Structure formats: structure tokens, C-alpha cells
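Asks: Encoded as C-alpha cells, here's the structure I'll be asking about.
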Amino acid sequence: MQTIFSIAVDALAYGMVLFVISIGLSVTLGLMRVVNLAHGAFAMIGGYIASYAARDLGLGYGAAVLIAVFGTIVIAIPIERLLYRRIYGQPELTQVLMTIGITFCIIGIANYVFGPTLKTIPLPPSLEGSADLGFRSIAVHRIFAIVCGLAVAGALWFAIEKTAFGVKLRAAVDNAAMAAALGVRTEVVYAVSFAVAVGLAAFGGVVGAELLPVEPYYALRYMVTFLVVVSVGGAGSIPGALAACLLLGGIDTTGRYLMPEFGEFFFYLAVIAIVCVFPRGLAGRMK
Amino acid sequence: MATMNEAATALAAGRRGLGRDLAGLAVILVLAAIGYLLFPNNLALLTRITAIALLVLSLDLVTGYCGVATLGHAALFGSGAYAAGIAAVHFGITDPLLMVAAGILGGALAGLACGIVILRAHGLPQLVLSIALIHLFHEFANKASSWTGGSDGLAGIAPDPLIGLFAFDLWGRTAYVFGVVLLAIVFVLLRLVVRSPFGMLCRGIKEDPIRIRAMGASPTIALLKMYVISGAVAGAGGALNAVSTQVVALDSLSFTLSAESLVMLVLGGTGSLFGALTGTIVFMFFEDLVSAANPFHWLTMVGALLIAVVLFTPKGLYGTVAAILARRRGAGR
Amino acid sequence: MSAIFEVRNLKRSFGGLAVTNDVSLSMAPGDRVALIGPNGAGKTTFVNLVTGNLKPDAGEVRIGGETVTNVDAIGRVRRGLVRSFQVTRLFQDMTPAEHVALAILQRDGRAGRLFGNFLAMSGVMAEVGSLLGKLGLRDLAHRPVREIAYGQQRLLEIAVALALKPRVLLLDEPAAGVPQSDTGRIEQALADLPDDLAVLMIEHDMDLVFRFAKRVIVLAAGTVIFDGSPADATKDPRVREAYLGSYADAGSAA
């Protein structure tokens, strides 16, 4: 019973972190049709910046999160301008090569600047320790991660369904040419979405640092995890991504608890099984 | 009259293809000889280049000729390497030719397995499957350490002398000659395959699988067949690596090797066997130079190289040069 | 004469809307049939059902007396039901000779061969030459398809279909997108199709239909409303109402 409860809480927290990081990838894939293998690298940059701000500069956790999100966006903007712009509408192989090139570069630079060791982001006292629920105690940080995930999901839902920008975004996802003909400035929509996607990745990277530790090979280690969320959840679908994240979070956490030796093996096996069963994603299956 | 015309054209086409096969073969052998003379103390690197060239040729078969984007192709190479290594260490099959045969078999089986999985999906899901597969293979080899040696690698491979005459010496001369001969044979066979009816069928599938279905051919079966062939080629490369280095390291089944082989292919130019060879040679020498000078920056350099190829020579080195030459020839006519 | 191609009571609905509703037809070798109907009549769905790209809810498709309802699209091609595409689907980097040779080798079960350069297979090349010659494409035999004109690509589409030696040929708007000046060559190619071949043509161009077909089947709202000679079709009140309404004036004026 205790184990099941621990697994459930960890799986939920892990799934929510995955969601925060991958939802941006999902939106940009749906919108710009770019297979962005470098998305995890932006989450990693966020983690590094937050670690630097909190540990080396001694700033508070909240400030570190903010600096990480905006710092990552500032780093990403020239990359988008100079490199991503060139691969919109290109064949998939070209996009894969470009974004994997970007990933390798970021890994190499991170390795050079920060060294190969794990970087921690010190938590504020309010997020340390555990909350007592009477029959069981949970690490406060896990609750924080779950709340962040729910908040991001809610905010995105509101932004996409209820705001003027959301209308434009959905129109551009549906049919970019038509949206442009109707006067939507698609390049602005693209730029804003890309920035939000990168910002969310960085946010997820910081909040999830306890679960997905920040180190140079982060971007490669979790690449398939983020991609499978999007390919199973369906590009641009918030409920799909949420479902996929919870499913993957559950599988990965259960595997690590019950079979720590073979956890990764069964995780990849599950990924293959899921993609084979839903080659068009969860949403595609429902249609 | 008309039939004679067709026959003449056909004969000319056949001869042109054969001429290019022989030219390619000659280029490989001449380059191999130059390499031997220039770097007599670095034959290990040259042998590794021939092994990796087999991997990149194999990748070209599925990516360049069939249009399947995969980031998990090292699974076939590593399976061949482990098949050869396990045959030698656990079953006492230490004849180098039999080890290569084991590698070809192991690679072909891995190709069949990977093909069945990867060909189930298209686009992004296909890519995800390929990445998950290489991680799965890697984890499996890591955990099955009683067979594979796990993260320490599979050591203790001691191949017999080649055809009972040429022992694998410390300088790696035998291994190098063995590798070059293997590469030359595979290259010529593949030249024949890509020009065969089957090769044409695969080019058709790459362009329009629906059209191929309307001709009554099954794209999935053809692609699966190509995956098995590709696995055999990659497996031969893996086995060569096992024979020449006498160990099989876990990183022969890594994502990094998969991605690097794709970089080499694109650097040289997809859809051409010459491109695959060019890319491998250039990349491997570049790697040797950079990682000797500063191993810390290796990944950054590969990344930058990849971005540069995408931006400036999307057809790859060989493809770009070939296109320029073709234009010259066209203008000269 | 016994039927080479039969469709019996074929039905298919999409979400309650019967797009193909109880369609039956039968063709003998040598038949020249045109399937016409206004937009939305269900022609595309019918083609997909017949070729095996879509599963019917009910009904039967038979080729040469054999029921193929549960055979997939590839299996139906191998049994002699070959189609052409409304928008040409050709391999842009390959030559007409390669297209036709590939089709011939596939027909003979040799397309999976790993060795042998088919440009050097004289038997195959002789057949390629005669087929391309019949359609006036011999001069273009070794040029990549992307360099040849669209009208010639349409002819190549027919050549590829013929190379498969079909028993039933389904031509999906064979003249679509071809400039007026080139339609003559396509009509000539259609007139020269083998005598024993059963041809079902889906076409919008009424002039072409009336010149080519000995028999017209009119589809409207998913059902066959007419099956008979072209001359009778123009007089049939249901056809005039459903389809030729807009053409009736033009027809009487001419």
C-alpha cells in the first residue's frame, strides 16, 4: 500500500514535469511542423542557469526560476532567427539533422562551461522536507511539481481556448496559409509560441531538476522521452500530452521502483509498444 | 531497327554502370594503399574507418535509397559486433571468416527485428521508435553482462590467423588488409544491388509508395528486405571491428554512434554509395584530428559540422561535387 | 460472354451517410464503359472500394469470377485490376523506360531481384521499347519524368498500367489537367487499348465519354440511376434531372 502510494505520487510528479517540458514541443510541432530534437536542450539550459543563479550568485529560488526562464528565451531567440527559420517546411531529415546538431553543440558547450558533473538547484526551506498527510508523508517538492504542472496546463488551456491569441494560434495550427490570408500575422504567432515553448521547457527543467537531474547529457538522455510524449499525445493537443505524460510517468516510475535493475530496459520496451499500438498517437486512435 | 536501338542503349547503360563499379573499386584500393603508405603507424584508425564505412553504407541503403529516417542504426552494427564477439568468446568460433559470417547473421537478424518495428510507423513516431530501439539494445547488452561483458566490454577475442596463414599482428596489417578486402567486396555487391530491379523498386518506394502499391508490389515487404540486407552489411562492419580491435565495447550500440553515422552519411551525400564512403573518410579523419587536439570540444564540433552541412551543402560533399561536374559536362556538350 | 469484372450490391456509409448505396455493375472483356456522375455522386468512394483501398460495409467485388472483397489493394492489382491516377503519380527522378521496366518486372514477379541491371535485360527492354513506341514516348525513354510535359506524363501513366497486363483497367480521368492541344494523343491512346481489355473510365469531359464509351453508367447520390448506351443516357429523364440538367441545353443546342 505504502509503495503503491509512493509510486503514484512520484509518477504524478514526474508526469507533470514531463508535461511542463514537452507541451511546448507539442505546440511548436503542431504549429511549425518542426521536429525539434533540441527541445530538451533548452530545458537543460534552464536548469544550468537556475543552478548558477541560486548556487553561485546566491539568489532566491523564485528569482532563479525567473532568470532561468527569461535567460533561456534570450539564448533561444537568436538560435530561432538564425537556424530554425531555415528549416521550417524542410524535409524531416533536414530538421532532424539541424536540431540534433544544435543539441550536440549545446551539450558540448555546457560540458565545457559547467563541467561534466551533476548540478543541483538548492530548494528554499519551504519546499524542502515533507508534508504529513496523517497516514503518509509526501515530499513537498513533489506537491510543488504537481501544482506547477496543473497550473501550466490550466494557464495554457485558458490562453488557447479563451484569448484572442489562442484563436490565432489555433487558426495557424489548422491552416497557416488560411490564417495568414485572414490577416493573422503568423510570424508573430510563431515567434511568441516558440518563446513560450522554450520558456516552459526551461521552467520544467528547473522545477523538475530533482527528478531529471541537470547534467550535460540531459538533452540526449531524455530526448526520446519528450519526443514520445508528443508523438503519442498528438502534436498540439494538451489533453493528449497530459495523458501521454501520465502514462509514461507511471511506467517509468513503476519500473524504477519495482525493477531498479531493468527499469530503463522496460521503459524503452514500453515506449516501443505504445508507439506501435498508437502509430498516429492517442488522439489519432480516437478519431 | 527500333529494337536494336533499345538493345544498344541498354548495353551502353550496362557498360557505363560496370565501368563506374570498377572505377569505384579502383578508387577504394588506391586510397587504401595510400593510407597504408602514409599512416603505417595508424592502421588501427584506418581499419576502424573501413568498419564504420560499412555501417554508413548500410545506413545509406535504408535512409538514402528508401527514405527511412533512423537515429538507431548502430543497433545493427553493434549486434554484428556482439554476434562475432560472442561466437569467439563463448563458442570458440575464432576463425575470422566465420566470425564475420556470425556478424552478418547477427546484423541481419537485428535488421529484421528493427525493420519490423521501425516500418510500423512514419514520420516522428518512426524516429521515436528508432531512438527507443537503440536505447533498448544498449540497455539489453548492458544488463546481459554474462554474455556481453556489460559496460566493461566483451574482451578476450582472439581470432585465428586469416585462412590459416596470416596472423593478426600487433601493427594491425592483417586486420587492415582484411578490412579493405571486405569493404571492396561489399561495395561491389551493393553497387549491383542498388542498380538491380530491387534497387529501382526501393527508389520508387522512396518517391511514392502509393504508386508502388498500385503496381502490385508491397512497399513494406521490400523495405523489410532492404533492412535485412542493411543489417547484414552493418553486421559485417561490426564483426570487422570486433576482429580487428579484439574487444566489443558497449558504445558500438550507442545513440551517439547512430547519430554520428547519420552525420557521416549526410556529410558525404545520401543516396550514393560514393557519398557514404566520402563522408565516412572525411568525418573519421576530422574526428581523429579534433579529438586528439581537444577531446572536450568533439561534440560541439560535430554539432557545428552538422549545422554547416544542412545550411551550406545539403547534398553533401560528394553530391555537391558530382552535381558541379554534371553541370560542367552538360555545358560542355 | 462471362463477366471479367463484377460489383454486386456494394454499400459504404460514412457516419450515416450512404456514399455508395447498393451499386452493382458487370463488365465483359472488351467493354468500354464510362462511369459518370455529378460532383459528390460517390465516384471517388466507388473507386476506392473497388481497388481495395476502402472496405465496403456490404457487397461483393469479383475479378474473373473470383471474389476479391477481402483481398487487399495489392492483391487485386496482381489479379489484374489495374488503375491509373487522376493526378499522375510518377517517380520524378526516374525515366519512362525505368517506369515501364519496373512495371513489367513486377508483373513477372522479378522486381525483387537483387542482381541484374534491367536496363541491360534485352527481353524487358524490347517490351519497354514497343510499349513506349505505341504511345509515342520512345524519344523520351531515357529522360527523367520531371523534364517531360504533363500530357506525356499522362500517356506514361497509361503505359505503366498497360505494362502490368491488366484484365480490367480503371482510368480515373485520364485527360484531367491536359491542355486541349494534347488531348488528341490521349484519345488516340485510349482508342488503341487492347481489344480484350475491359476498361472502366471515370470522366467529367462529356465529349471524351461519348467518343470513347459504348456504355455509360450514371451514378447519383451513391446509386446507379442509369446503365445503357450513351445515346439513351442523354434521353433518360432521370439522368437529365440528376446530372445532365446543366448539359441538356448544351446538348440540344448542338
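Numbers here mean position along the shown chain, with the first residue as 1.
Cβ atoms are placed via backbone N, Cα and C, with glycine included.
Just so you know, TrEMBL annotations never went through curation; they're auto-generated.
So TrEMBL has the following annotated:
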- A:12-32: transmembrane segment (TRANSMEM)
- A:37-54: transmembrane segment (TRANSMEM)
- A:60-84: transmembrane segment (TRANSMEM)
- A:96-118: transmembrane segment (TRANSMEM)
- A:138-160: transmembrane segment (TRANSMEM)
- A:190-212: transmembrane segment (TRANSMEM)
- A:224-250: transmembrane segment (TRANSMEM)
- A:265-283: transmembrane segment (TRANSMEM)
Asks: Please report, as numbers and ranges, the same-chain residues at least 6 past the borders of the transmembrane segment (A:12-32) whose CB is under 8 Å from any CB of it.
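Replies: Hits for the transmembrane segment (A:12-32): 39-40, 43, 84, 88, 141-143, 145-146, 148-150, 152-153, 156, 169, 172-173, 176, 189-190, 193-194, 196-201, 203-205, 207-208, 211-212, 225-227, 229-230, 233-238, 240-242, 245-250, 252-253.
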Asks: Let me check one thing: do the transmembrane segment (A:224-250) and the transmembrane segment (A:138-160) come into contact, meaning three or more Cβ pairs under 8 Å with sequence separation of at least 6?
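Replies: In this chain the transmembrane segment (A:224-250) contacts the transmembrane segment (A:138-160) - 3 or more Cβ pairs sit under 8 Å.
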Asks: If you count every Cβ pair below 8 Å, which range out of A:37-54, A:96-118, A:138-160, A:265-283 shares the most with the transmembrane segment (A:190-212)?
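Replies: Comparing A:37-54, A:96-118, A:138-160, A:265-283 against the transmembrane segment (A:190-212), the winner is A:37-54.
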Asks: Which one of these stretches, A:96-118, A:138-160, A:265-283, has the most C-beta pairs shorter than 8 Å to the transmembrane segment (A:37-54)?
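Replies: Looking only at A:96-118, A:138-160, A:265-283, the most contacts with the transmembrane segment (A:37-54) come from A:96-118.
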